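Working notes, beginning with the structure itself.
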Amino acid sequence: MAAEPPPPSLSYRTTGSTCLHPLSELLGIPLDQVNFVACQLFALFAAFWFRIYLSPSKTSSDVRHAFATIFGVYFVIFCFGWYSVHLFVLVLMCYTIMVTASVSNIHRYSFFVAMGYLTICHISRIYIFHYGILTTDFSGPLMIVTQKITTLAFQVHDGLGRRAEDLSTEQHRLAVKVKPSFLEYLSYLLNFMSVIAGPCNNFKDYVAFIEGRHIHMKLLEVNWKQKGFHSFPEPSPTGAVIQKLCITLVSLLLFLTLTKAFPVTCLLSDWFVYKANFLTRLCYLYIVMQASKPKYYFAWTLADAVNNAAGFGFSGVDKNGNFCWDLLSNLNIWKIETATSFKMYLENWNIQTATWLKCVCYERVPWYPTVLTFILSALWHGVYPGYYFTFLTGTLVTLAARAVRNNYRHYFLCSKAVRVAYDVVTWAVTQLAVSYTVAPFVMLAVEPTISLYKSMYFYLHIVSLLIILFLPIKPQVHTQRRPQSLNSVNKKKAE
């Protein structure tokens, strides 16, 4: 017997604030999503106010830390109500580890506690408190805080528990040599710019931003006298914020039109599964997966704009002398849509999460870094079976794509025409492979995933396995999988 629909009084039920329920009904959008957008828009205005009226030249670092934390806590409570307790409990537990654990184990304890608590919350939210009862998804902020907790723990371990010569150049740059105070810890994890939608960032960058050193540090990397400047310029984020808000608006319009016109349920229709031919299914799958992207473009670009509006996210100056505000950008839409390899696609999608995975897993595990990184990524995202289908498929495709690229790419670099033809073919293959791979991530459950893959004859799984089994593995040319330690760099310089 089919489950009865929830009563109308429960259709909008949420643990967060219900003051925007009339607007939710008017727009026909779930209340938790309305609360999310409202908080992010309020955060945008708060960020401008924070940059202008609480600038480092006018206000102490402690005041900036305090206001950023208070706003962040309010946003979390507004969106998630009593569910926000989970966030605060995890933060307090991990700060206890930060101040009591030895530096040789601080990263291990923080990692297992944060990931363990996140996984328990994922399981309870999905399999105990089902969406039919409570619509609020509190896992997003918890996932961001987990990233920050573990990032900081590893960087404290690098700064206090390891020798400088054993660190890579990047690890040495980001190593934290003094444990943060309680206020710094709360501000880093719960600040209003990133507590709702991220992105994850490095502790040293955040503290430099609060103390007013963030932009100055980046400008020091440029010789301004050669460019005709007698003093440091003062980069303004206004242009970057406006540009990102325009992208956000376009993404919202695409979400309200394209995403509604091509929902993922189209892939389960009788026409798609039983009547359409293989090439039609392949193209239709690509269109549906394209239609699922605008909501991510919207959320991540808006989050980036909020940070920039507060004055955080300056990354330096490009080769043309333009100021860049992409330090915290979570995606590069142009490179995603024009990616000619699986690797290039992944490097420009959810960039800060990829950086986190590299920091806490890929660079540090001694065995099977690619496989273990995909497993950690799946665990972090949640416990829906579809996530594991995606990351298992992604592991196979990554290994197969690497083998093909290393064995055959050099044959297609002989002329510009051949190279262009190669790029066009690899673009089409990459986009179709990504669509096939990420479909279970959107479908979530086992049955629709198996139904889809059956209708596609499991073609990419079979092709990837054949490539991995029979294509000889050649080392990558002019690339390096693992970062060099400072010790090895210094030895090469000496030689």
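Glycine is treated like the rest: Cβ placed from N, Cα and C.
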Checklist entry - Out of 245-265, 266-286, which range is noted as transmembrane segment by TrEMBL? => result 245-265
Item to check | Contacting positions for the transmembrane segment (456-473) when only residues 6+ beyond its ends and CB under 8 Å are counted | outcome: 278, 281-282, 285, 393, 396-397, 399-400, 403-404, 406-407, 433, 436-437
Checklist entry - Short question: which residues 6 or more past the ends of the transmembrane segment (387-404) have a Cβ under 8 Å from it? => result 341-343, 346, 370-371, 374-375, 377-378, 381, 433, 436-441, 444, 446, 449, 460-461, 463-465, 467-468, 471-474, 476
